[in-house]
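The feature repeat 'WD' is assigned by TrEMBL to 4-45, 46-87, 88-129, 130-171, 172-213, 214-246.
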Amino acid sequence: LQIFRGHTDSVFTARFSPDGHAVISCSGDGTIRLWDINTGNEVMKLKNDSNEIWDVNFSPGGKYVVSGLQDNTIRLWDVQSGIEIKRLLGHSKAVLSTQFSSDGKMIVSSSSDKTINLWNVESGERLKQFKGHSNNVTSVKFSPDDKCIISCSLDNTIRIWNIETGREWKILIEHSNHVNDVKYFPDGRAIVSCSSDNTIRLWNVELGKRIQILEVHSQSVRSVDVSQNGNTIASGSDDCKIRIWG
């Protein structure tokens, strides 16, 4: 439908705006770019003084963007003005993953420093830090009800954390290589993970047990997502294929 051209280095993340009319992307070229879906034109370019931006996400209403950077910072941007409005400091290494809570009041982030941080958006204060992973935390997500956080790591594990207590609730151990991405299903009862062991795995959250394993990709599976109705999974792999699962 469209090809968005403008980045001059690897594009690490691309995400739809909440209304579906735009795409936001981040890159190793140190920029965040906003694209119009219908025209394919670049609407805005947000320039950082960092070499690499690993992740970018819209707030629930689409008014703000949060980004995780190689320089250990998390930066918030106003989409309409393109101005950086806040900088969250607390990680000691690159920030690999960021996400707003469903009400837009909190942000969760994960880092190469092996930690997960929970932030108050309005004050910029770090509310909690979650420790337990023994290697880079590659991805972190809120549960649909914002009561839990799920994370995955190069330590081959997936961990579920209780936000209120700040404690690890469950640890899922079965992948035989780095876990690269993880996502909740919309009902919050299951999650899907993908790994450098070339597999995708579905898990029952309450039981902490694997439901299903999908083994078709021939190389590392780097990213995974679930459709809004929970009926379809999309995966992307080093084998140069995107697969849709129903």
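Here the Cβ of each residue, glycine as well, is placed from N, Cα and C on the backbone.
On a predicted model such as this, the values are computed, not experimentally measured, just so you know.
The average pLDDT computed for the repeat 'WD' (214-246) is 93. Counting residues of the repeat 'WD' (88-129) by DSSP class, helix then strand then coil, yields 0 helix, 23 strand, 19 coil. Helix first, then strand, then coil: DSSP counts for the repeat 'WD' (214-246) stand at 0 helix, 16 strand, 17 coil. Residues in the repeat 'WD' (46-87) partition by DSSP class (helix H, G, I; strand E, B; coil) as 0 helix, 23 strand, 19 coil.
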